[in-house]
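Asks: Not my notes, these are from TrEMBL:
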DOMAIN    B:75-275  domain 'ABC transmembrane type-1'
TRANSMEM  B:12-35  transmembrane segment
TRANSMEM  B:82-101  transmembrane segment
TRANSMEM  B:108-126  transmembrane segment
TRANSMEM  B:156-186  transmembrane segment
TRANSMEM  B:207-234  transmembrane segment
TRANSMEM  B:254-279  transmembrane segment
Amino acid sequence: MNKLMTKRKNIETARMKRWFIGVKGNDGLLIRTLIYGLLIGIGFVYLFPVIYMVSFSFKSLEDLLNPLVNWIPSTLHLENFKQAYQVLDFFPTLFQTLYVTILPALAQTAVAALVGYGFARFSFRLKNFLFVLVMVTFIIPPQVTLIPRYLVYSELNLLGNIQAFLLPATFGQGLNSAIFILIFYQFFRSIPKTLEEAALLDGAGHFRIFFTIAIPMAVPAIIISFLFSFVWYWNETYLAAIFFGDQLTTLPLELQKFAASYQRMFPAGMEESASQLNEGIRLAGTVLSILPLLIVYFITQKWFVEGVDRSGITGE
Amino acid sequence: MAKVLKKRPKPSIAYLFIAPWIIGFIAFTAFPLLYSLYLSFHKVSLTTEGIKTNYVSFENFQYAFTVDGVFMNYLIVFFRELLISVPIIIVFSLIIALLLNQKIRLRGLFRTIFFLPVIIASGPVLKELQDMGVTTIPSIEEVFIYSLASDNADQFIFGILLYVLDNIIMILWYSGVQILIFLAVLQKIDRQIYEAAMIDGASTWEIFWKVTLPSIFPMIVVNTIYTIVAYSIFSLNPIIEHIKVQMFELDTGFGYASALSWVYFVIIGLILILVFVIMNSQSKKRYAS
């Protein structure tokens with residue numbers, strides 16, 4: 001009898017403990033406060049530069065110099081954006097950026113689907129070897145292949161031409177192509193073989209099966225690949241600067257030479273002090289250059305998050 | 001039935017599917033790799049008639065290691081930063097993933113925030129932020145520096161801490177993909193294993209070390225490799241900037257830049273192999289069952 005009492009008492013204390021500290025570390029009040037505290041704190045550190053950027057981009061020179069104006073500008077000073085807009089040459093640059101990112105991203109996605117399907121649905125000689133080779137290309141720094149590519153492009157007059165990005169992408173050697181091939185490989189492996197066999201029985205060829213059965217099923221993988229590819233090409237400035245020279249430009253490239261362009265457009269000492277490049281104008285330029293990406297991200301962020309889930313590197 | 005068997009995937013068709021990649025690999029990866037190796041032993045000059053190469057044996061490499069102090073210096077700095085940043089990024093992203101893996105509200109919002117830098121952090125954007133000094137939280141830094149300076153701590157550790165504090169946001173911003181990879185694998189661990197462990201009386205702490213960590217270990221390796229690769233080819237990396245500068249320098253040029261890129265490639269390759277071998281042997285030693 002006594003034993004039963006102590007047992008019950010133990011259960012009681014355990015329940016109290018569970019309520020306060022929790023069992024698996026996720027039920028208790030204390031732990032939960034700690035988790036939320038940490039997440040919010042780290043989240044703030046993450047967003048700090050973005051908040052700073054947006055806040056300062058609206059500050060006039062007076063606000064920037066006034067130590068009392070901290071986070072919230074006294075007036076919404078749109079002049080920064082107007083100047084940054086002119087310096088970046090915003091819309092023409094944006095269209096060029098879209099041109100040199102969307103086309104390679106599309107080509108890269110298409111070829112990754114094709115190659116991923118080939119690896120996922122067939123068995124052939126050297127398959128494992130070739131697949132390992134695909135993965136190995138991920139670790140080759142682009143700088144090593146950059147110089148020969150540059151020389152060949154200059155021989156073929158492809159410098160300053162979108163082909164410098166488009167050609168490698170079309171043949172599965174674009175930015176991080178290995179990852180996209182892996183995504184499609186994992187995706188197509190999960191489609192049941194019976195579908196394919198039924199289609200074969202009906203007399204469909206392999207390419208027909210690919211286009212009429214596999215591709216419509218792979219829409220999620222296609223969207224994920226395209227979005228990642230798009231963002232990576234957008235943010236690529238090292239190769240873009242070398243391959244495109246002065247012929248083509250992108251928003252990140254324009255941001256890179258923002259200060260120089262500004263000096264050219266608004267020479268110092270010409271007008272009153274408003275024409276001095278300050279932090280506010282530079283940050284307005286930064287905000288403008290990432291604005292299109294932010295819009296894309298907030299519409300499609302589910303796909304990005306799922307994309308990592310589905311990339312298949314976590315294994316099935 | 002026989003007809004179906006005959007129509008089984010023929011290897012020749014498979015090659016048609018992967019042919020674009022094979023062609024691309026030869027034209028845009030294998031050939032450039034070999035060609036840049038070839039160039040690295042030459043002095044290359046661009047003339048109106050085309051590319052001219054002069055065989056110079058190991059001169060380029062010799063120059064890189066003996067005369068070009070800048071390159072060596074960058075390599076050492078790169079190596080040190082890699083050694084500090086990669087473990088921090090891995091541990092940090094694992095912690096965030098573990099936090100997000102709890103039953104919490106707004107998980108989607110937090111994931112969106114932590115992944116945001118992957119979208120916007122291009123080289124020029126980070127450069128702007130660095131110039132403005134926004135890659136660190138000023139108040140945190142001050143507190144830490146004062147408390148550390150008064151502690152007259154070890155100079156070496158102090159240096160590391162200072163670097164971390166100076167670049168805290170940069171380091172955090174590199175973790176977006178890794179967090180999501182860890183989160184994805186954490187969510188795939190079978191709940192029943194946890195329940196079984198708890199019935200056996202294991203504490204949360206023990207469960208983490210004995211159940212969670214072993215089951216995500218392969219992803220720690222993957223994330224480490226990913227982090228090293230991403231870090232080494234990021235456009236703010238001074239080494240790749242140096243390679244670019246040398247490309248268009250008259251007295252060094254493409255040949256020397258090729259040599260540098262190969263040295264860099266081999267070093268990264270060695271680091272990756274080393275990391276892979278060490279982590280693999282560790283996992284075998286510790287988690288062999």
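Heads up, residue numbers simply count up from 1 along the chain you see.
Glycine residues also receive a Cβ, built from the backbone N, Cα and C atoms like all the rest.
Given the structure is predicted, the values throughout are model-derived calculations rather than measurements.
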Asks: Considering only the recorded stretches B:12-35, B:108-126, B:156-186, B:207-234, B:254-279, state which has the highest number of Cβ pairs under 8 Å to the transmembrane segment (B:82-101).
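Replies: Maximum Cβ contact count belongs to B:156-186.
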Asks: State the residues, same chain only, that lie 6 or more residues beyond the ends of the transmembrane segment (B:207-234) and have a CB under 8 A from a CB inside it; answer 'none' if no residue qualifies.
Replies: 78, 81-82, 85-86, 89-90, 93-94, 98, 123, 174, 177-178, 181-182, 185-186, 189, 193-194, 197-198, 240, 264, 268, 271-272, 275-276, 279-280, 283, 286-287
Asks: Could you give the residue numbers and ranges of same-chain residues that sit at least 6 residues beyond the transmembrane segment (B:12-35) on either side and whose C-beta is under 8 angstroms from one of its C-beta atoms?
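Replies: None.
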